[in-house]
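Asker: I'd like to ask some things about the structure below.
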Amino acid sequence: MSVNQKKENLHKLLFAQQRAVREGKDANQTLNSPYRNQCHYSLQASIMDNPEENAIELHGDEEIIEVIDLNDSEPGPDDLADHLGDVDFEDLGNPEDDNEGWETEDEMEAEAAQDDSELTFSKHTGSVFCVSLDPATNSLAVTGGEDDKAYVWRVSDGEVLLECTGHKDSVTCAMFSHDSSLVASGDMSGLIKVWKVETKEEIWSFEVGDLEWLEWHPCAPVLLAGTNDGNVWMWKIPAGDCKTFESPACQATSGKVLPDGKRAVVGYEDGTVRVWDLKHGNAVHVIKGQDGHQGALTCLACNKDGSLVLTGSVDGCAKLINTTTGKVVGVFTVEGGKAKGSKDEEESNSVESVGFCNILPLIAVAYLDGTLAIFDLSTQVLRHRCQHEAGIVHLQWEESSSVVSTCSLDGALRLWDARSGSLLSEYRGHTAEILDFTFNREASLAVTASGDNQAKVFCLQRPDR
């Protein structure tokens, strides 16, 4: 860096600190927070070339806080030698140690170029919001995106088998039916379409209010949807026979059909949780008030037999509910309570995803601040905190192991051993946040959806396989 550049940086530093002091801010905090408070400095005082006219030109409400006397001449080698005379070079250590914890440009470029994927699907022209694998063979994926389209494609070679068009807004929900014969796609405006995979034709469509979630019945061609106005809809496909489950006018933010196929659990914006009887259309349990959440529900999951449901909310809590009695039997939180970057003292660390382990009494709770919390279900004790570099978007347990996977806003897919809390592996390749992911039954293959307009297929290698 030249001497002139150093002078310019010095002036910028001084003016930034002076401005912070005048505004009653911590000058060091202002300079050290480039992501939360990006400061754009402009040097509004210039030093004239003529030494006799060495004046500072002020603009607006600028004022002189401190005057620093700079020598007219640049320091020469002798001056520098005098300053360095008392330095013990043997105590300086290895200069490379100063870079510890920092990435070099080469390292950053290498990380950006790293792509661990086996295949990249790049047909979408906008962010890819959702991805699902067909349950019958796990050989087909469906993705929905910001380009108002959904694609059904082969994970082995990326070949498009079906392009789902005609939507009015971003496709945020896309999934296969229980037997993989049908695909449902839903956009933000509430237009829902169902396609027959074999014939590649649209067989049914319906329009509701703004769509919040979409879910197939686990063992029948029945489709459920939750909307912004609080209604839950259920249709028999393709006949279109319809039933609605009405509730107070607040968003039905998340929903899940229980494994018995007879009940559905729905979470709402006001923190209420309802267990619905799908046949009779009535709410068998309503969890609200102090038993409910103190903020909108963001996610929910059920255990293998559907006897327990785990809910997550923006209030920073996860709650365990017995679906038979409707009673809250557990509350899970982590210390801290505030999301990273939060300016509002009352803003909590939102729960973004939850899930049950199938083989051990463990649950996982993923938070906006990047914390993955592993709790013991029987004692309700926090066993491990697995920290991410950025907020977690989604988690998923492997079907027959204690491995839980996460995707996050830093664009990485990570696999964690819930028994030890250790990171098993990390996969990169996306240049933007991962918004959704899923993997096959064997957990040997993962498919991700990202804000970089791409979906990727990763082969998951682990030493224990």
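Don't overthink the numbers, they just go from 1 along the chain as shown.
Here the Cβ of each residue, glycine as well, is placed from N, Cα and C on the backbone.
Curation does not apply to TrEMBL; its annotations are automatic.
Under the heading repeat 'WD', TrEMBL lists 121-163, 164-205, 259-286, 290-331, 385-426, 427-465. Under the heading domain 'Anaphase-promoting complex subunit 4-like WD40', TrEMBL lists 356-438.
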Asker: Pull the DSSP breakdown for the repeat 'WD' (259-286) and write it out as helix, strand, coil residue counts.
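Answerer: Split by secondary structure, the repeat 'WD' (259-286) comes out as 0 helix, 15 strand, 13 coil.
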Asker: At a C-beta cut-off of under 8 Å, are there same-chain residues at least 6 beyond the repeat 'WD' (427-465) that contact it? List them, or none.
Answerer: 111-112, 114-122, 124-133, 138, 141, 143, 145, 155, 158, 390, 393-394, 396, 398-399, 401, 403, 405, 407-415
Asker: Per DSSP, how many helix, strand and coil residues does the repeat 'WD' (164-205) have?
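Answerer: The breakdown for the repeat 'WD' (164-205) reads 0 helix, 24 strand, 18 coil.
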Asker: For the repeat 'WD' (385-426), how many residues does DSSP put in helix, in strand and in coil?
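Answerer: Reading the DSSP string over the repeat 'WD' (385-426) gives 0 helix, 25 strand, 17 coil.
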Asker: Please list the DSSP helix, strand and coil residue counts for the repeat 'WD' (290-331).
Answerer: 0 helix, 21 strand, 21 coil
